[in-house]
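As recorded in TrEMBL:
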type	residues	note
DOMAIN	60-156	domain 'Cytochrome b5 heme-binding'
TRANSMEM	20-42	transmembrane segment
Amino acid sequence: MASVWTSMTETILEYTGLSSTAFFTIAAMMVVTYKVVCSMFVSADDFVPVKREPLHLGDLTEEELKAYNGSDSQKPLLIAIRGQIYDVSSSKMFYGPGGPYAMFAGRDASRALAQLSFKPQDINGNLEGLSDAELEILRDWEDKFIEKYARVGQLVPKKTLTEKEKDENASRIEEVLKATKVDMMQEGGSAEVNGVHKAGHL
């Protein structure tokens, strides 16, 4: 056994120039480093792709977009850039809960991406005051999103009613007014009848 160890030590020293102690210490450190680095990433076996139908959400307000921040696993992960909304569900490890960019999900992250900022006050769609260099950075981000993710809608200040919705709302208002008018007439009629009864008793 001693001769085997001696032979191994001599071989290590000959090929690496290191003592056996130094060699095995470095080898152990490499193994630990490999394990730590691997633990930082999702393995292919652990990743289960979520099958979703192609989305087209249309117009969303900022308040409605917040519902797609990853808090509901049944909903896709959405991020807006320059008012355009993208489905980033395929990068859940980055934009999902616990991910390094999770704070951007459900928000318009234009300003934060342009400034490479993680400050909450910068996570918005306001582009005022950005420098040419920052706008160029934002364009690079936008190009990456266009290439990698599906665009599913756009941000609007508040939803504009379609002609059909306007007609439906007008019809509902008309029905409410008619019902109110009928109630008032019935109440007036009852009061009149009660008045006659009272007069008859006088």
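Each residue, glycine too, has its Cβ placed from N, Cα and C.
When averaged over the domain 'Cytochrome b5 heme-binding' (60-156), pLDDT in the model lands at 95. Assigned with DSSP, the residues of the domain 'Cytochrome b5 heme-binding' (60-156) fall into helix, strand and coil as follows: 43 helix, 16 strand, 38 coil.
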